[in-house]
Every structure is written in structure tokens, then in C-alpha cells.
């Protein structure tokens with residue numbers, strides 16, 4: 001046989017008819033990847049069984065006449081904790097399962113000894129996926145359905161010569177319609193600076209949910225296993241791309257509409273996106289927690305559009321996108337998925353001002369032809385700016401070790417059950433506190449990570465690990481027993497904020513002024529109170545609640561809790577609907593009635609000690625049950641938003657009756673008091689000696705009348721040296737000491753970091769905006 005005559009690593013220039021010719025691929029060759037087995041493995045296992053549990057793999061092949069070793073590491077972040085799959089039986093009944101995915105064969109990696117290289121590979125049935133070597137990119141696919149070591153693979157060399165704009169993103173045109181400019185940050189009218197975070201250094205976690213329509217189900221012969229493998233490979237590639245932004249993309253669930261579509265899907269991308277967004281809000285969000293959902297459809301979208309998403313809406317009710325399955329090459333579809341997700345992060349299409357480190361970047365408008373491998377400078381800037389928005393907090397919730405359902409693997413940079421830490425492989429690990437081989441904390445050390453871990457030791461109890469960001473936040477302190485900072489806590493709901501103009505609610509300070517600014521932009525003011533009387537009318541221009549299609553008018557006491565009325569600002573809104581103005585009053589009537597755009601938010605102040613709750617103006621006590629909650633806390637503690645007692649800054653949890661400030665105070669007193677006594681005694685001795693010397697200088701020899709003066713010999717004076725122990729026994733003169741009871745008060749240096757005065761910052765926090773700024 002030919003294979004027996006040639007080295008298995010030899011690359012043959014042979015045409016392979018079994019593989020479709022791909023756009024941008026001029027030729028393909030055959031290669032026989034050989035798996036390099038680690039020498040330290042002692043257990044003899046079948047190749048399939050061994051690979052199923054291998055954390056790392058290496059394959060050797062010849063590329064351009066040189067031996068190359070492809071290093072692969074299992075992507076354990078592909079599936080999030082609690083991953084579920086949903087489908088429907090023939091009667092339309094919803095069935096949700098939590099399958100144990102046995103084909104754990106999705107890897108990422110690179111070519112060893114290459115400065116620029118990455119890879120996204122599936123090893124389920126041979127090697128299938130993408131890898132790069134320097135500036136050259138390759139696609140690899142098996143030629144045989146039989147999985148064995150050394151089997152032949154097709155290696156595609158990807159050399160695009162020119163751009164093809166046959167398929168694009170549906171965002172073009174929409175951008176300009178809303179008067180936005182590409183690669184310019186949106187006005188931060190509702191943004192809260194996360195000054196205590198270095199966004200680039202913190203890992204982010206995207207909980208990703210994918211829905212496949214009925215057309216997709218039929219396209220892949222109603223084979224759920226085939227669909228699952230394709231989806232996992234696409235998600236693996238999306239994850240590889242976003243890891244370049246220090247962000248993990250993990251699937252929390254997949255849904256296949258096996259019986260029929262749950263929404264109306266048409267070639268109109270905007271219409272389909274709106275329908276999917278409504279379904280997600282009314283059905284999916286109530287069933288499954290996630291950060292973003294995308295619909296993969298087999299329907300061919302109108303024109304050249306293959307994807308559409310709402311702009312800058314991650315972590316909001318409009319964090320959705322629609323992607324057409326426009327190519328047999330799943331990596332091209334994965335590139336579109338990453339592209340539309342980028343729009344959710346506020347990324348615009350790349351233009352001439354953007355620098356791309358590779359041939360093509362994720363936010364290029366030519367979606368279907370190119371397969372992106374990196375993010376441009378503009379995309380990275382937009383991504384960083386997005387994290388100035390408090391809505392982005394949903395991306396910092398890393399999975400707990402107890403929630404991870406996969407088998408713990410040391411070296412995957414994910415702390416799992418039984419592990420103290422996981423800093424990657426021995427080559428990757430930079431954490432001096434963690435043993436990379438065992439994923440345990442090194443001997444004599446207490447911790448390896450966390451805000452309360454410093455130089456591998458726990459920080460002292462009472463030290464602030466997360467300062468209060470604003471007046472509706474609470475500082476968190478270390479407890480001296482863990483390296484982790486406690487969960488973020490907020491001021492008790494109803495706490496006054498913004499100089500009494502609002503009351504805190506879940507860490508925000510909702511006010512009418514902030515909501516007007518969010519809706520209409522800078523320069524907006526709250527309309528006169530007389531405008532709010534229109535809410536008693538019960539028309540679409542003023543009401544309190546909507547029940548089905550019926551508008552419920554406000555009661556006289558609730559008029560400040562219905563429609564939001566403002567004046568001034570811009571009339572250029574990113575939502576469909578009507579702008580209604582009369583006198584100096586302005587409000588918005590949205591076309592989409594499923595979202596309460598232009599309504600006064602819950603928690604907004606509507607009177608003295610009153611807030612809006614579900615369109616009613618109620619007492620704070622009725623709304624939050626928080627009156628006098630802090631009086632029930634022991635020690636120096638206050639109530640938080642969940643009516644739990646939290647220590648005030650500077651007081652040690654959990655009892656909050658011991659302060660590190662008192663500890664430092666006692667040290668200061670113990671050291672300074674003896675020194676002060678010694679100083680006073682020494683000063684008095686010096687003063688006494690100086691006084692005697694002065695008296696001697698003032699003395700003159702006495703003369704008898706009529707007698708010549710004569711010289712007198714001065715008798716030398718002996719000065720006794722005072723030893724330290726004798727100095728302490730000397731008694732100063734009474735007049736050198738203050739009279740008892742008239743001493744000045746003791747003054748000690750105040751540690752302003754430990755006990756700051758209560759200051760209400762003029763820095764209000766906005767409520768998350770429940771709107772869909774679509775670009």
C-alpha cells in the first residue's frame with residue numbers, strides 16, 4: 001500500500017474529491033497526523049477511552065516541509081455548570097434534560113515553538129477545525145469516518161486574495177438611521193465607573209444560550225447528535241476568539257425547535273430579531289438564566305444579511321442576536337456568531353482607522369467569506385468602554401467549584417471540587433502560591449488567590465477588600481479566614497441617596513432626573529408635576545399599568561408612578577414608537593408594548609418616605625420592610641439590601657464589636673506614652689542645668705569698703721551624670737506640671753482610611769436601563 005511505502009508524516013499533494021472546495025482555499029493536501037503519547041502514562045487504555053479523559057494532546061505532522069507539533073488543551077469551559085438541552089415531542093410538550101456529555105473532545109491550543117499561533121480543534125472523529133502558524137491559517141478535516149491514529153486528513157491552506165461582500169451584517173444602514181457614528185463611544189448617561197476593577201485583568205464569563213429553529217432541525221436530518229456536535233464546535237471557536245479578550249464563553253443551554261418554530265421567522269432580519277427578543281423575554285428568561293441568547297436559523301435572510309443584533313445590550317433584556325446558518329463550513333458561521341455578539345458589546349464594524357493584527361478581524365463586515373481570528377484595536381476599545389456600564393456586572397460571576405459538573409482536571413485554569421487553586425500547566429503557571437502539579441496551595445501558605453489574599457497569606461480581618469463604589473453600596477471586609485472577598489452587598493433598600501432626591505434600591509439610586517436623561521439624553525429635565533396628572537386619564541399618553549391591551553389609569557396618589565414625563569433633550573430615539581409632546585411635557589409611546597419603555601421605574605421617590613412599586617406610590621416600610629432593621633444588628637453593623645447585618649467599615653466580622661482601629665490605637669498609646677515621659681524628664685533636667693549655669697554667670701565677687709578688690713579662686717563644680725534609671729526617679733518641680741484636671745485633651749492621629757466620615761457623594765447611580773438601543 002502507498003501508505004506503507006511513505007512516512008506517515010509526509011504531506012502529499014493530492015486532490016481530495018470528498019471535500020468541497022471552499023472560497024479562499026486554492027488547494028488542499030493530505031496529511032497523516034500522528035498522536036504523541038505522553039511518556040509518564042503507565043495505564044494501558046484503548047485510544048478512544050484514553051483520549052476521552054486526556055487533558056492535553058499533541059499531534060505531529062509535516063507542514064511546508066517542516067515538522068510541526070500541534071499542542072491541544074481540553075476546553076473545560078465550553079459547557080457551563082447546569083448545562084441543559086430542550087426539545088419538543090410530537091405533541092409540542094417541552095422536554096428539558098441535563099445530559100452527561102460523553103464526547104468531551106473539544107480543544108484549543110497552538111503550534112509549539114510558534115510566536116503567533118492558535119487552534120480550535122474537535123477530536124471527536126479525527127481532527128476537525130482550525131489552526132494558524134504565523135501568518136498562515138489552515139483548516140483540517142478527516143477523510144475517513146473511521147477514527148484511528150495516523151488516518152488521512154485534508155489540510156486546507158487558506159489564502160484569501162480579495163474580499164467578497166456577498167454576505168454582510170444587517171447593522172449597516174441601521175447605524176446611520178440612529179445618528180450614531182462608527183467606533184465612537186455612546187454617551188455615558190447611565191454609566192457607573194467601576195473604579196475598583198481593572199477590567200482588562202479580570203476574567204469575564206458569558207453564559208451563552210443557543211436556539212436552533214425547526215429549519216435547522218430538518219436541515220441536519222432531524223439528528224440531534226449531529227446538531228449538538230456542530231453547535232459545540234462553533235461554540236468552541238467563539239470561545240477561542242473571546243479568550244483573546246480575557247473572556248470565557250460557556251454554553252448554558254441549547255434548544256431545538258423540533259416540532260415547529262415558536263416565533264414567526266421571516267427573511268426580514270429586523271422582524272425576526274424583534275420576535276425572538278420578545279420570546280426570550282417572556283419564555284426563555286423565565287426558564288433559564290443566561291447572559292445572551294442567539295437564534296440560529298436555516299431561513300435565508302433578505303439581501304446580503306446573514307446576522308443582526310441589538311447594539312450595546314449585553315446583560316439587558318435585549319441581549320439577543322439572529323444568525324443565518326449560511327455556510328457548510330461551521331467556522332464561518334461561528335465567526336458570524338462572534339460578530340453579532342460583538343455588537344451586543346457595543347462594537348461597530350471595523351473601518352480604515354482600525355488596526356487588525358491578522359488578515360481579518362471579528363468585526364469586519366464581510367462575514368461569510370472570511371473567518372476571523374482576532375479583534376481589532378477599535379473593537380478592543382469599544383469592549384473596554386462597555387465595562388464602564390454597571391450592567392456588565394453580570395459577566396463577572398464565575399462558576400463556583402460546587403457548580404461545575406464535569407470531572408475535575410488540574411491544569412485547566414478552573415478551580416473545581418477538590419482543588420485549592422488552578423493556575424494552568426507548569427509552563428503557564430505564574431502563581432507562586434499554587435502548586436501547578438497538584439492544584440493545591442503550597443506548604444506554609446494559606447491562600448493562592450482572592451482579594452483577601454496577600455503574599456500567599458490571609459489579610460487581617462476587617463481590612464477592606466471591596467470599597468463602597470457610591471452611597472448605595474457597602475464596603476466588604478476580609479474575615480481573616482479566607483482569601484476571597486465576601487459577595488457584593490448594598491445599602492438597605494430605602495436608604496436616602498442623591499441628597500434626599502432618591503432612595504437606594506438594589507445598589508442603585510433611581511430618580512426621575514436620571515431616567516429622563518437616560519431616555520432623552522443630556523440636557524433633559526423632569527417635566528412639571530402638572531404633566532404627571534395626565535396619568536389619571538388612562539390613555540396611551542398617560543396611564544399606570546397595562547393589563548393585556550387595557551390601559552389602567554393612575555389613582556390620584558399614584559400619578560408620579562406612571563408614564564415618565566420630561567422636557568428638553570434629543571428627539572432621536574433608537575426605538576420604534578411615537579414621541580408625544582404637549583405644553584412643556586414630553587413622553588414616549590413605544591410600538592413594542594412588551595417592554596415598559598418610558599415608564600417610571602420601581603424604587604423612584606414619589607413623596608416623603610414614599611417610592612413607586614408596581615405603579616403605586618407606597619410607604620418605604622411597606623415596600624421594603626426595612627425600617628429600623630439596623631437597630632437589630634449587634635455591634636457596629638448595618639442592614640444590607642437583603643436585611644442581613646453587615647459590619648461597618650473598620651469593624652471586624654462577624655460580630656462587628658472589635659476594631660482594627662482600636663488595636664492600632666492601643667499600640668500608639670503603649671509606645672508614645674513612655675517616650676513622652678522620658679522626653680519631659682530629659683527636657684526638665686536640661687532646663688535645670690541651664691538655669692544653674694546662668695546663675696553662676698550672673699554672680700560677682702564682693703568687695704569691702706576702702707579695700708582693693710582682689711581675685712577669688714572659683715571652686716570647680718562637679719556635675720553628676722544622670723543614668724537612665726536615675727532619670728526615671730527624678731521628681732520635676734511642681735510648677736512644671738499642669739494642674740490635675742486642667743490638662744489639654746490628648747490628641748492622636750486619626751486613621752482616615754479606617755474610619756472615614758459619612759459622606760454622601762454627589763454621584764448618583766442609575767437604574768439599569770430596560771431599553772433596547774438598537775444600532
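Keep in mind that glycine also has a Cβ here, set from the backbone N, Cα and C atoms.
In Swiss-Prot, the feature motif 'Cysteine switch' is placed on 167-174, out of the ranges 151-158, 159-166, 167-174.
Taking Swiss-Prot as the reference, the stretch among 666-686, 687-707, 708-728 described by the feature transmembrane segment is residues 666-686. Panel annotation: around the domain 'EGF-like' (625-657), residues 461-462, 464, 468, 474-475, 477, 479-480, 486, 489-494, 504, 506-507, 754-756 of the same chain, lying at least six beyond its termini, place a Cβ under 8 Å from a Cβ of the stretch. The binding-site residues in question are 339, 343, 349, and the one with the fewest Cβ neighbours inside 10 Å is 349.
Secondary structure from DSSP puts residue 343 (Zn(2+) binding site) in a helix. According to DSSP, residue 349 (Zn(2+) binding site) sits in a coil region rather than a helix or strand.
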